[in-house]
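Asker: Take this structure first; my questions come after.
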Protein chains: 2
Amino acid sequence: MPLKESPMAQKAVVLLSGGLDSTTVLAQAQMDGYEVYALSFDYGQRHDSELDAARIVAQRAGVVEHKVVPMSLRSIGGSALTDMAMDVPEVASEGIPVTYVPARNTVFLSIALGWAEVIDADAIFIGVSAVDYSGYPDCRPEYIAAFEKMANLATKRGVEGRPVRILTPLIDLTKADTVRLGVRLGVDYAATVSCYQANSLGEACGLCDSCRLRIKGFAEAGVADSTRYVG
Amino acid sequence: MPLKESPMAQKAVVLLSGGLDSTTVLAQAQMDGYEVYALSFDYGQRHDSELDAARIVAQRAGVVEHKVVPMSLRSIGGSALTDMAMDVPEVASEGIPVTYVPARNTVFLSIALGWAEVIDADAIFIGVSAVDYSGYPDCRPEYIAAFEKMANLATKRGVEGRPVRILTPLIDLTKADTVRLGVRLGVDYAATVSCYQANSLGEACGLCDSCRLRIKGFAEAGVADSTRYVG
């Protein structure tokens, strides 16, 4: 039997923070057959080690290209993740937490959209989850659907009837589901950094909201937690 | 008769390029009673003199604050306005021109949205026109409506039922209409720069698409063109 011709590879921009979720999404995008263009942001986050993790993840995954775009969200202020004058909370918070960066996913998706248009990508992947979403409004499916609609009114591709899709493979997954998915996809979580205040070695605090969710995720998935913690 | 109490001033973020349109929009926002927070971008544009113009316009208008956010759209490439390897066309173009910056309005509006959320602004003003829109898809009313809908799903304000509005006072205006409006509002157009390749003195080429539209606008409005041209 002759080999099937492989379909022409489709391109995808994958938003890659270097954390657990986006690293899993990158693996899923490659499993789905996309050529991956990884996009990270240097937005003045406290935890630079996240960016180091993103570089390692992108390199190991063999992406076509990895861009790190400088983005000074710090200049507009308003979040404990970018404003050094605010403390990152170490207790579980209710409602929209102070770690919420105003319009962050919208800004990141918009720049991804610009790059997607330049390289003529078919999809943009983002690792949001509406389940363990920490109270961020821009992680909900109705937000993603509205962004996709706007994106296809904004761009050449959309005007030409070749819409770009915003793909969110984790949207209905708990953190434990994501860990299970990542293990099936062969993701090495030891390289990833989720902590809001990881140190320069990439070691996690184990106390912030992001660490709590991650620890709970590994525990519920029954997967050994390879995260490196401080001390 | 007692004086009416003045309503509590509402805040607006105004996207200010330093060109004819955004300068007119800023004047309109102030006329509408908004406290203006002007937002400009240093996105590696060829024409830095546009930013100088924005600073002068913002200062003369007495805005509450003027931010210039560095935004390296050049890193994602794809437009003659940010890519030094591409020539700015000096003949009228058809369809979507090469000066189109991918997802530019989406990126700018997204960052404006983030700032609007931080300062709790009620509106974001942008000087797009669907009439003389140069073929850019992200200048159409259906795009603006989709952005507003997305914005109010993305943010705290939207979730709390206090939507932010995206206001486009020029959307149905020709360039001549805009010039007439600006003259009524007392705008001094000599300080503004529209040219895609203005020199460091802010002198316009008179040949690019943007200059052609501007020249035609002044002519049709019957207003003396105070633009400073090269040579």
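The count begins at 1 with the first shown residue.
Quick reminder: no glycine exception, Cβ is built from N, Cα and C everywhere.
These came from TrEMBL, pasted as-is:
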BINDING   A:L16, A:S17, A:G18, A:G19, A:L20, A:D21, A:S22, A:T23, A:T24, A:V25, A:L26  ATP binding site
BINDING   A:C195, A:C205, A:C208, A:C211  Zn(2+) binding site
Asker: Hey, which of the binding-site residues A:L16, A:L20, A:L26, A:C195, A:C211 is the loneliest by Cβ count within 10 Å?
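Answerer: Least crowded of the binding-site residues A:L16, A:L20, A:L26, A:C195, A:C211, by Cβ count within 10 Å, is A:C211.
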Asker: Are there residues of the same chain, six or more positions away from A:G18 (ATP binding site), whose CB falls under 8 angstroms from its CB, and which are they?
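Answerer: Those within reach of A:G18 (ATP binding site), by Cβ under 8 Å and sequence separation of 6 or more, are A:S40, A:E50, A:L51, A:D52, A:A53, A:A54, A:R55, A:I56, A:V57, A:T192, A:V193.
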Asker: If you count the C-beta atoms lying within 10 Å of each candidate's C-beta, which of the binding-site residues A:C205, A:C208 ends up with the smallest number?
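Answerer: Relative to the other binding-site residues in A:C205, A:C208, A:C205 has the fewest Cβ atoms within 10 Å.
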Asker: Check the Cα-Cα distances from A:C211 (Zn(2+) binding site) to the binding-site residues A:L20, A:S22, A:T24, A:L26 and tell me which is shortest.
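Answerer: Closest by Cα distance to A:C211 (Zn(2+) binding site) among the binding-site residues A:L20, A:S22, A:T24, A:L26: A:L20.
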Asker: Have a look around A:T24 (ATP binding site) and count the other CB atoms within 10 A of its CB, chains all included.
Answerer: 26
Asker: Cα distance, A:C195 (Zn(2+) binding site) to A:L16 (ATP binding site), nearest Å?
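Answerer: About 15 Å separates the two Cα atoms.
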Asker: Work out how many Å separate A:L20 (ATP binding site) and A:C208 (Zn(2+) binding site) at their Cα atoms, rounded off.
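Answerer: A Cα-Cα distance of 15 Å.
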Asker: Could you round the CA separation between A:T24 (ATP binding site) and A:C195 (Zn(2+) binding site) to a whole angstrom and send it over?
Answerer: 16
Asker: Quick one: pull the CA-CA distance for A:C195 (Zn(2+) binding site) versus A:L26 (ATP binding site), whole Å only.
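Answerer: Distance between the two Cα atoms comes out at 19 Å.
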Asker: What does the structure give for the C-alpha distance between A:L26 (ATP binding site) and A:C205 (Zn(2+) binding site)? Integer Å is fine.
Answerer: 25
Asker: Would you list the other residues of this chain near ATP - those whose C-beta lies within 8 angstroms of the C-beta centroid of A:L16, A:S17, A:G18, A:G19, A:L20, A:D21, A:S22, A:T23, A:T24, A:V25, A:L26 - in sequence order?
Answerer: A:A54, A:V57, A:G127, A:T192
Asker: Between A:S22 (ATP binding site) and A:C205 (Zn(2+) binding site), find the distance joining the two CA atoms and give it rounded to the nearest Å.
Answerer: 20
Asker: Is it possible to get the count of other C-beta atoms within 10 angstroms of the C-beta of A:S22 (ATP binding site)?
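Answerer: Step by step: centre on the Cβ of A:S22 (ATP binding site), count other Cβ atoms within 10 Å, giving 27.
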